[in-house]
Amino acid sequence: MMPKKRSPVWHPFSQHALQDEITRVIRGDGAYLHTVDGRRIIDAISSWWVVTHGHCHPHIVSAIQKQAEKLNQIIFAGHTHEPAEEVAAQLLKLAPRGLDYVFFSDSGSTSVEVALKMALGYWHNIGKQRIRIVVMQHSYHGDTVGAMSVGARSVFNAAYGPLLFDVTSIPFPARGHEQATLDALESACRNEMPAAFIVEPLILGAGGMLMYPAWVLREMKRICEASDVLFIADEIMTGWGRTGTLFACEQANVTPDIACYSKGLTGGALPLAVTLCRADIFDAHYAKDRTRTFFHSSSYTANPVACAAAKANLDLWQDQECRQHVASVATMQEQAIESFRADPRFENVRRTGTITALDLKAKEAGYFASNGPKLQAFFKGRGLLLRPLGNTIYVMPPYCVTAADLDEIYGGITDAADALTGRRASVA
Ligand SMILES: *Cc1c(COP(=O)(O)O)cnc(C)c1O
């Protein structure tokens, strides 16, 4: 098949043979995107989970402008700058108590690679042979090779399988089966002496917006602690208010040994990531012996402009108003999904914090269920940016979303179900 003449740009997670038309966006403002042909789109998934306060938030934009004129890039080995220092200091105040050091990088996947290297480096430097990583079924931690290795094995990484390292996987704590998860973790921790356990707290995002309760997170931390297994919290998606609290771990009163934050770290304005760790992990790398250095860097580590955006984001979180927005989005989201609980065409209608998800009942399951692209196309026609994961439709809006926007979004979901099932819902 000969492709038509088209843009040379190769898009992520896009099958160009099936999706020829790529939406050209010229402006973002709040919860809206504006296309080159004058259409307005409601960004119901925060542009892949990154935009928290809305597109082009004036406080963040202004911080970026100011910093860009002063210092826009600097080697971060042997050098530092005010935005990075301030972000690190403020992060440690906001993050769960007990995290002491901040390592900067530039994407979520990289922050996961850094976390894994910190964990392995820790055990190596204190002279213990602990190298195995324990993971949770259906998890997603990014698309680089190490991050794929600790994520679910699926068609997304089948071609690269031979490159991925072996891990121990414990089952997802589905409702009523939580104990099986805890038992599997306990047995892995006891018998395999793993280096670390990595997990997405409260919600597995790309795995299908699978939600589990805080007490399970709490128990998993306790089990790891009992066997000295480092607990890595991947809060790349769950951080920055998504689950109702600033970080999901707060709800379980858990301090991870290592935590990864990215996505909303800059409010979604620029790429930046951090990996936080406890002092003993830093200390294991602290020595007059240069072979014990933490050997990791990206060219743009702690880019000053990205750090200025992060600093502006942290300013916004100091403000009560920001937390009120999160609380009100959570309330509006609960009201919005209420009627779907009685709609027989959907199942597993669920919410954690500001995120809702519901599964369209269908014969075909999985990410490649044919409903996925059909739904996406339907939503696109309605001016809604929604990207179902197979039959799972989820709504993860920026916190400036209004009740009227949510009406449009859920109206679109209802109409999509009507269109696909060819009938109106018989709502009880
Ligand atoms: C998005 C995501 C990542 C990867 O982040 P990138 O910035 O896309 O590399 C890792 N873990 C989780 C839980 C994510 O949602």
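Yeah, the Cβs are placed from backbone N, Cα and C, and that goes for glycine too.
Annotations in TrEMBL come from automatic prediction, not curation.
All protein chains considered, the CB of TYR140 (substrate binding site) has 23 other CB atoms within 10 Å. DSSP classifies TYR140 (substrate binding site) as coil under the three-state reduction. Taken from TrEMBL, the feature substrate binding site applies to TRP48, TYR140, LYS263, SER297, ARG387.
Cβ neighbours within 10 Å of SER109 (pyridoxal 5'-phosphate binding site), excluding its own Cβ and spanning all shown chains: 22. Marked as pyridoxal 5'-phosphate binding site by TrEMBL: GLY108, SER109, ASP234, SER298, SER299.
In the structure as shown, the Cβ atom of LYS263 (substrate binding site) sits within 10 Å of 27 other Cβ atoms. The N6-(pyridoxal phosphate)lysine feature in TrEMBL is assigned to LYS263.
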Binding-site residues close to ligand 1 - of TRP48, SER297, SER298, SER299, ARG387, only those whose C-beta is under 6 Å away: none
Residue from TRP48, TYR140, LYS263, SER297 whose C-alpha is spatially nearest that of ASP234 (pyridoxal 5'-phosphate binding site), among the binding-site residues: TYR140
Using Cα positions only, nearest of the binding-site residues to SER109 (pyridoxal 5'-phosphate binding site) (TRP48, TYR140, SER297, ARG387): TYR140
DSSP-derived class (H/G/I helix, E/B strand, else coil) of SER297 (substrate binding site): coil
Sparsest-packed among the binding-site residues, when each Cβ's other Cβ atoms within 10 Å are tallied, from SER298, SER299: SER299
Spatial separation of LYS263 (substrate binding site) from SER299 (pyridoxal 5'-phosphate binding site) - C-alpha basis, Å: 19
Cα distance (Å, whole number) from SER298 (pyridoxal 5'-phosphate binding site) to ARG387 (substrate binding site): 31
